[in-house]
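Chemist: Straight out of TrEMBL:
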BINDING   Asp991, Glu993, Asp1100, Asp1152  divalent metal cation binding site
DOMAIN    505-940  domain 'USP'
Amino acid sequence: MEFTRPVINAYESSDMIMYGNYVDEEYSEVIDTSLYSDQLDVPRSEYEETQTILTDNCSQYGITATCFDTYENLLWVGNQLGYVSSYYSADMQKYTMFRVHSDEEIRSLLTTDSTLLVLTPTTLRCQMRRGLPIFTHNTENLNEMQCIIQLGRSQDTILMGGHQEKLIEFNLNLCKETSIINAGENGCAILRQNANRTVCCGDPTGVIKLRDPRNISKIIYTVEAHTGSLSDFDVHDNLLVSCGFNNTHGSMELDQFLVVHDLRMMRSVSSIPMIIEPFLLRFMTSYSSRIAVVSTIGQCQLVDTVALSEQDMNLYQMTGAEEGAMALSMDVSPSSQAIIIGDNVSTLHLFTTASSQFNTLARDTIFAQPMEPLPCGPINVTDELADYSNIPLPHCDGPLASELPEKFLNKIYRKTPSIDMNILSTMKMKGTVGYAPNPNNRKRNQVAYFNTITESQNNNNHNQSNDEECESSPFVAIPRRYRKIDLKFKSEDFDYEQYNKTGFSGLESNVPNSYCNPMLQVLYFLDPLRKILMSHICQEEFCLSCELSFLFYMMNKSKGAPCHSGNFLRALRNAHDATALGLILPEHNNAEMKNKINISILIQNWNRFILHQIHLELLRSKKDLTDEQGKFIFKDTDFPSIGGQQVRKKIKNKEEDNNETEITRLFGCKQLHINKCLKCNHEFSKQSNLMVCNLVYPESNDEKSKSFCDLLQQSICPKQTTSTWCERCESFQQTLQNRTLKSLPAILTVNCAIESKQNKDFWKQQMDIMIKQAVTKSGDQKTAPNTPTSFNKPCRYGSNCTRHSCRFMHPGQVPAVSETNNSMSLSQLYYTHSWLPLSIKAELEPDGELKLSKYDEEVDCKSSNIYDLHAVVCYIHEDRKNLVSIVNVGKAYHEHISASNPSPQWYIFNDISVSPVIGQEAVWFSLDWKIPCILYWVSRNNEVSINVDASEPVITAKVFTESVYLNSSSNSNDVILDEEIPKPGELVAIDAEFVTLNQEESELRSDGRLATIKPVQMAVARISCIRGEGPNEGKPFIDDYISTQEQVVDYLTKFSGINPGDLDISKSSKNLTTLKSTYMKLRYLVDNGIKFIGHGLYNDFRMINLMVPPEQVIDTVTLFRLPHQRNVSLRFLAWHFLGNKIQSLTHDSVEDARAALQLYQCYKTLEADGTLQAKLEELYKCGKEMLWVVPGE
């Protein structure tokens, strides 16, 4: 059969695409050559991708080095994880694998006659081909090494180069460096050798230097191949071919041409245009002038340096690669019959010819001897451990007994599992797609068992309540004001007003151990305690009382803005007792460890600790003040041996008074412990001071009605029988212990201790009994109590809502109507009737017995000992475990914020969220999600005297004149005299530097957003203040380095100027002092009306925990900013307006503060001239043109 077809210079197959001069218009009909395979001889492509192998390591580590063995049929591969693997022949049979370095990538591979040389950034390893190491070379000269070649014809000498100024000659026999050659400031990224005539060294700037192999320091010729950067080059015979980037108008552009240089004429002879973007290239040495070129996306083009317009231009594409794979390395075998490409997803792509052989003169490769199979001997039928699988089964014509019948082989489809209710409750809809955060309540690939409980059994067990069932309840509608708030950590203009429309300050929760925020709010709104703490000051570095004083000062001045309690929590972390009591949470984000922490117990332990700690700190200050008193005065109480019983009684009373503080007078409840031996009736007593009472619940659950006042009374004055030591019997005997009271406290503090299931059931049982009594008492009365309004608000998702038991109204649903004609519902009764009273009446009998009862103003007469509930701290049982406080804020606090209605009001404090509520909500507890932890009662008739002089300032000018530095060798500033301290209204420029204590942790949310779950924790490292006016204008009067005892993760030296050792007392030569000392200096300046000038002061003051009134802050960020435009850096402003280049190497707070002061003076000048607006527009125009980069940066 005769068939005539045109000559088509294009071929196409499943593994290869070849491009030629095929014109679509000439041949409109495509010929199916498979129909004429017997008559047509379709030519096979020269190279085909025969192997695509994913190496043993995970796909996130790319292949950085490939090398064909010049002596054997082996391919060597190195990756970013430090592993080296080898493959035998074109079948890619795995030969060896070993690890060279634990944390460095493989940069280059070189084979010698008997060894393999592996180069990493800092190590040279010599290995046998079978994987055994011979030696490892590592010196200070090996730094950022990149390439390696054999020098000349010698098998013993190699040359190494890298991104440094040294070329290193190394002798393999001596295992030492024989010569160090200067490679220039740009280093050497690529090394090639031309038939032992020249050594070519390419640097990243696009320059290739030709060196004499006999004298490497001698440069024969310099080739400027590319004006931008060098990507790769190779040399063969007299030709050098390179690819790279060119610098065009200040930007790097890929050079689409290969540049060919003739080494005989020492000049460029031609440029080869490429279809692909050249990235890697190698000469195919079996041909005189052929080159294999690879692009970044894995395309391979074969070109000829002589016949530039060859008839068939071959182009290949690596297949089987993942989307976005990038070629990192390539090599051509010595026989030119194989091309290997390694990508960044740990995949090898091998292209071979029809007769594929790596090395035409390869020697035999040594393989491991195969293990001889063990002979199969007789097996005893009584041997229970015999391996019968070694005996081959005979061929069977019939079916095997292990084969399942066809009826059991039918395809069935598993039912779609039900969606977790935790997901449905948090799911958000976007159109028809819903997304929700992972609740993390199952392990990976964990599948729930089939529910084998029938519906009837489930109904029978529905009323059984336990902790596990409570935790797995389908959906609990927790009001927003109780839920934990997701704070946008990096947003300075975060809208806090949506969470707090009151004038009271919230507390930020993005610092470690911020679980105590609710208790800090409770302590702040205890007016006597707040006055005591705000009048306290001492010299102890980590005094919690001082830090509470500073924090309360901020909350007084904030006017509704959230405050940062970082300094207080820093002191808490350094309190040894807090660490010993387990009050410091571990700094990790392990969800499993977080779930094990019971924050309900934690906050109650913290409550007991903080009152005791404040008492000790005030007592220590009191004793220090006593020690500083005047000369000796004779008193008979100082010498009890010469006095009588009356003197000794006075001494005892004096000791008790000396151990008292304002805290014990406020919270202390003097108890008398009376112990009576039941055998000999011997009585002995001791006195103690109870500041926190733990509720003690009855052990037996007899379902009897018991009021809260009875429970509290038995907890304060318990009676119990225990085994204790009797001095008269001189043995352990049963002893009746009884506690009576000598005085009542002004503030009664109670820990509820509802952690165990038994205590929780008791509380719930008493609530149920009280509701039953209320229902019985009400009878058929038709009342409409003051209850929360029903949820008739329409659901945002409408008919597309998939939430189980959604409490909002949906289309077609009848709105809920108040059933005023029926008796009150059970939920309304639980809300309006509380087991916990709002007020209690306390009566102390002469014998010390305490009687507590619920106080009713309409029934009871006025009593001197009436306690009103002041605050409640509640644990909110949700996935993220939240704590809130509900506080009755008094009239004085409302007058302080100039509220329109200064009457007392209840508020819920939930970190930055502050919401007003009615008083009934403070005593309403839904024990499935709202559990009481701590209760505070305040006496109406508080007769405790507090010695506080509000007129005298706490912080005086002595903080400047008596400042003490921790290191005696510091080059501190001159001593500041009283007249040199800035006066009210003067200008002071300020800047601060910070270091990092922990790294930021983020997670990818289900909607694709990157959310910060743990913000970076910063610590103040240096604070500098310079005078803004006067004769010493521009000179610093505060330049303090802040000592830290916490581990610093990153000193941020480039941005802070702080070096390791600057904050260490034993090493630092700086003005090292405590944060508290410097903080008091700044507080004094703020209190005296000093105006602060700086750049970005919002973040500085926030990290210092200093609240500065806005009228005292002059921020150059806002001064030099147009509306709705970006903020401009201090460095760019200083260069543009002042002509100064600051922060060139590192930041210096004194330099930055001085630049901010000069910028303010420039601002005043421009404003006076009326050219400010024009200069700002010019600033932004210049910044956009220069991409906001200072010239020379």
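If you go along the chain as it appears here, the first residue is 1 and each next one adds 1.
Glycine residues also receive a Cβ, built from the backbone N, Cα and C atoms like all the rest.
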Chemist: In DSSP terms, helix, strand or coil for Asp991 (divalent metal cation binding site)?
Modeler: strand
Chemist: Determine which residues of the same chain, besides Asp991, Glu993, Asp1100, Asp1152, have their CB within 8 A of the center of the CB atoms at the recorded divalent metal cation site, and list them by sequence.
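Modeler: Going along the sequence, the neighbours come out as Ile990, Ala992, Arg1022, Ile1023, Ser1024, Gly1094, His1095, His1147, Ser1149, Ala1153.
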Chemist: Specify the count of other C-beta atoms within 10 Å of the C-beta of Asp1100 (divalent metal cation binding site).
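Modeler: Total other Cβ atoms inside 10 Å, all chains included: 22.
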Chemist: Looking only at the domain 'USP' (505-940), report the model's average pLDDT.
Modeler: 82
Chemist: Counting only residues 6+ away in sequence within the same chain, which have a CB under 8 Å from the CB of Asp1152 (divalent metal cation binding site)?
Modeler: Asp991, His1095, Leu1130, Ile1142, Gln1143
Chemist: So what sits near Glu993 (divalent metal cation binding site) in its own chain, CB-to-CB under 8 Å and at least six residues off in sequence?
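Modeler: Spatial neighbours, sequence-distant, of Glu993 (divalent metal cation binding site): Val1020, Ala1021, Arg1022, Leu1052, Phe1055, Ser1056, Gly1057, Ile1058, His1147, Ser1149.
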Chemist: Let me know how many other Cβ atoms fall within 10 Å of the Cβ of Asp991 (divalent metal cation binding site).
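Modeler: Result for Asp991 (divalent metal cation binding site): 26 other Cβ atoms within 10 Å.
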